[in-house]
Amino acid sequence: MASETIVNLLDLDAEGLVAYCGGLGEKAFRAKQLQRWIHQYNAADFDGMTDLAKSLREKLKGRAVIGTPDILSDHVSADGTRKWLINVGNGNAVETVFIPEETRGTLCVSSQAGCAVNCRFCSTGKQGFSRNLSTGEIVGQLRMAEFALRASLGRAPGPNGKAERVITNVVMMGMGEPLLNYSAVVPAMRLMLDDNAYGLSRRRVTLSTSGVVPMMDRLGAELPVALAVSLHAPNDALRDELVPLNKKHPLRELMAACQRYLKVAPRDFITFEYCMLDGVNDTEAHARELLALTRDVPCKFNLIPFNPFPESGLLRSKTEQIKRFAQVLIDAGVVTTIRKTRGDDIDAACGQLAGAVKDRTRLAERTGATKIIEVRAV
């Protein structure tokens, strides 16, 4: 008789957990109890789940686990930004970054090891695509970070109330293109939103995409969360060069998809992310082109100073030029922000994720890895 497959319960959203418990002959309410123990009380095993029948706990011990990330490093920046490097096997590592602010705490989560989109200004794409992360590996980043942060503040695990939660916002802006890992990302986000798990609102969970148009439509139909689009260019010729996916889904299609998404979105605008590249996409003429491109899409712009990496052949736009570019947008009435660099002293700034593993040989020896992927968020 073949051995039974061990299930990582972090891979199951509420519906999946109900089905799993049903397969064990248990009622649906047991799934809610399990979910609360795992996602609200940070249970590491089944013994402490005291409101579950002992018979169920014994069943679970032989059939299921509560997976936890294999943390390779944990660093805190001078500005409070915290970065975890997580081993996801076969020499691959991804990073999770927490950015504290006065009124909120934002967690940047990865969805893939590597990335196939290969944007010109993004180091992750230069490393190639390795694999999709599982639902458990994605939501596990939130679980790990939330309870690590609570522990550092002396807060005990428990149901998420406003006074308890440390992470108030999640952005799917780490390594990878989330919409190319849709089947794992959506269940993970369902758990982020579930009141029996993390209880975040749809306005506080943001998915960032480079423009996978068919999956944008599917997300809008199934789980419309806040949406950010990695735009980076005001015309197809330049975007074809910077974001090769544009050749498959050009700007006309992308803008139409944004309009469709806004009909169901929890926010009344799309956030367009725009990496500022010196002499490439940063002139006032480019800004005016952007205004024409997006005139029918309610939006805000987030201008991102480029964080250079070796062999990119690109430079960060000068600060004064970024301000001039922003002013063109602001003068037209478009809300525009310039992203503040956070965590750059621990290589956790935008574009630096997992980009500073200084001694690869020692890290590989420690993890049994043959390679380490450098991760950079766009």
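One is the number of the first residue shown, and numbering goes on along the chain from there.
Even glycines carry a Cβ here, placed using N, Cα and C.
For reference, Swiss-Prot has these:
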type: ACT_SITE; residues: Glu95; note: active site, proton acceptor
type: DOMAIN; residues: 101-345; note: domain 'Radical SAM core'
type: DISULFID; residues: Cys108-Cys350; note: disulfide bond
type: BINDING; residues: Cys115, Cys119, Cys122; note: [4Fe-4S] cluster binding site
type: BINDING; residues: Gly176, Glu177, Ser208, Ser230, Leu231, His232, Asn307; note: S-adenosyl-L-methionine binding site
type: ACT_SITE; residues: Cys350; note: active site, S-methylcysteine intermediate
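Where Swiss-Prot records a feature, it is marked here on the structure.
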residue: Glu95; record: active site, proton acceptor; DSSP (3 states): strand
residue: Cys108; record: disulfide bond; DSSP (3 states): strand
residue: Cys119; record: [4Fe-4S] cluster binding site; DSSP (3 states): coil
residue: Gly176; record: S-adenosyl-L-methionine binding site; DSSP (3 states): coil
residue: Ser208; record: S-adenosyl-L-methionine binding site; DSSP (3 states): strand
residue: Ser230; record: S-adenosyl-L-methionine binding site; DSSP (3 states): strand
residue: Asn307; record: S-adenosyl-L-methionine binding site; DSSP (3 states): coil
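Confidence for the domain 'Radical SAM core' (101-345), expressed as mean pLDDT, is 95. Across the residues the record lists as binding S-adenosyl-L-methionine (Gly176, Glu177, Ser208, Ser230, Leu231, His232, Asn307), the two Cα atoms farthest apart are 19 Å from each other. Between the candidate binding-site residues, Ser208, Ser230, Asn307, the densest Cβ environment within 10 Å is the one around Ser230. Of all Cβ atoms in the shown protein chains, 28 besides its own fall within 10 Å of the Cβ of Cys115 ([4Fe-4S] cluster binding site). Distance from the CA of Glu95 (active site, proton acceptor) to the CA of His232 (S-adenosyl-L-methionine binding site) is 23 Å.
Considering only the recorded positions Cys108, Cys115, Cys119, Glu177, Asn307, the residues lying within 10 A of Glu95 (active site, proton acceptor) on a C-alpha to C-alpha basis are Cys108.
Of all the recorded positions given, namely Cys108, Cys115, Cys119, those whose Cα is no farther than the 10 Å limit from the Cα of Gly176 (S-adenosyl-L-methionine binding site) are Cys115. Within 10 Å of the Cα of Cys122 ([4Fe-4S] cluster binding site), the following binding-site residues from the list Glu177, Ser208, Leu231, Asn307 place their own Cα: Asn307.
The Cα of Ser208 (S-adenosyl-L-methionine binding site) lies closest to that of Cys108, out of the recorded positions Cys108, Cys115, Cys119.
With the fewest other Cβ atoms inside 10 Å of its Cβ, the least crowded of the recorded positions Cys108, Cys119, Cys122, Leu231 in this structure is Cys119.
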